[in-house]
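In what follows, a single structure is set out as structure tokens and then discussed.
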Amino acid sequence: MNIRIGNGYDIHRLVSDRPLILGGVHIPHSLGLLGHSDADVLTHAIMDAMLGALSLGDIGHYFPPSDPQWAGADSLVLLSKVHQLVRQHGWQIGNVDSVVVAERPKLKPHIEKMRETIAQVLQVQPNQVGVKATTNEKLGPTGREEGICAYAVVLLEKF
Ligand SMILES: Nc1ccn([C@@H]2O[C@H](COP(=O)(O)O)[C@@H](O)[C@H]2O)c(=O)n1
Ligand SMILES: C[C@@]1(CO)OP(=O)(O)OP(=O)(O)OC[C@H]1O
């Protein structure tokens with residue numbers, strides 16, 4: 001079999017006095033995401049999808065929230081490590097697709113930068129990285145702006 005598919009999901013709570021980082025991009029907003037790392041839900045969902053595609057567990061296994069080493073970690077550094085692991089197993093990225101669920105702020109102006117940033121770390125072209133945004137129509141925790149979540153699907157190819 002020369003292709004594998006994986007999916008990932010993550011959610012973090014919105015709080016004041018934290019930066020909002022999504023797909024490695026700093027997004028100006030009055031609230032940011034709380035987490036052990038920089039709490040970049042989009043990058044976390046993509047990493048879990050990559051690991052899931054190879055049944056290699058999840059990010060908490062490699063970067064435990066109990067380990068001070070990962071306190072305040074840049075999730076792009078973690079993404080690079082997961083990418084390295086995937087490569088070591090003989091696989092490369094076919095494509096990534098993702099969606100961020102956020103009531104606010106408007107993410108559209110930042111989507112291209114997120115795609116370029118993620119693509120650079122994964123050593124692929126931006127057209128291999130899909131990032132979309134949607135509100136939750138004011139429904140549930142994301143709709144009430146208590147948090148932001150992201151879903152990702154990754155296709156891997158054997159090289
Ligand atoms: N945080 C967000 C949410 C949505 N968008 C863009 O708006 C479009 C409409 O969103 P709905 O939830 O009302 O369907 C969506 O397709 C995105 O292009 C956004 O930029 N930022
Ligand atoms: C990224 C890690 C790093 O400790 O921590 P968090 O930023 O809290 O993120 P989460 O998705 O809750 O858990 C995964 C952890 O690996």
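Backbone N, Cα and C atoms are what each Cβ position is placed from, and that goes for glycine too.
Taken from TrEMBL, the feature domain '2-C-methyl-D-erythritol 2,4-cyclodiphosphate synthase' covers 3-156. Predicted-model confidence for the domain '2-C-methyl-D-erythritol 2,4-cyclodiphosphate synthase' (3-156) is 98, expressed as mean pLDDT.
For Asp10, His12, His44, the entry in TrEMBL reads divalent metal cation binding site. According to its DSSP assignment, Asp10 (divalent metal cation binding site) is in a strand.
In sequence order, Val41, His44, Ala45, Asp48, Cys149, Ala150 are the residues of the chain that are 6 or more apart from Asp10 (divalent metal cation binding site) and have a CB within less than 8 Å of its CB. The 4-CDP-2-C-methyl-D-erythritol 2-phosphate binding site annotation in TrEMBL covers Asp10, Ile11, His12, His36, Ser37, Asp58, Ile59, Gly60, Thr134, Thr135, Asn136, Glu137, Arg144.
Counting every protein chain shown, the Cβ of His36 (site 'Transition state stabilizer') has 17 other Cβ atoms within 10 Å. Sequence annotations record features per position, and here TrEMBL assigns site 'Transition state stabilizer' to His36 (among others).
Under the DSSP three-state reduction, Thr135 (site 'Transition state stabilizer') is assigned to coil, being neither helix nor strand. Summarising the environment of Thr135 (site 'Transition state stabilizer'), the number of other Cβ atoms within 10 Å of its Cβ, over all protein chains shown, is 15. Summarising the annotation, TrEMBL assigns site 'Transition state stabilizer' to Thr135 (among others).
Residue environment of Ile59 (4-CDP-2-C-methyl-D-erythritol 2-phosphate binding site) contains 25 other Cβ atoms, counted within 10 Å of its Cβ in all protein chains.
Long-range Cβ neighbours of Asn136 (4-CDP-2-C-methyl-D-erythritol 2-phosphate binding site) (same chain, at least 6 residues apart, Cβ-Cβ under 8 Å): Val101, Glu103, Thr142, Gly143. It is 13 Å from the Cα atom of Arg144 (4-CDP-2-C-methyl-D-erythritol 2-phosphate binding site) to that of His12 (divalent metal cation binding site). Taking each of the binding-site residues His44, Arg144 in turn and counting other Cβ atoms within 10 Å of its Cβ gives the largest count for His44.
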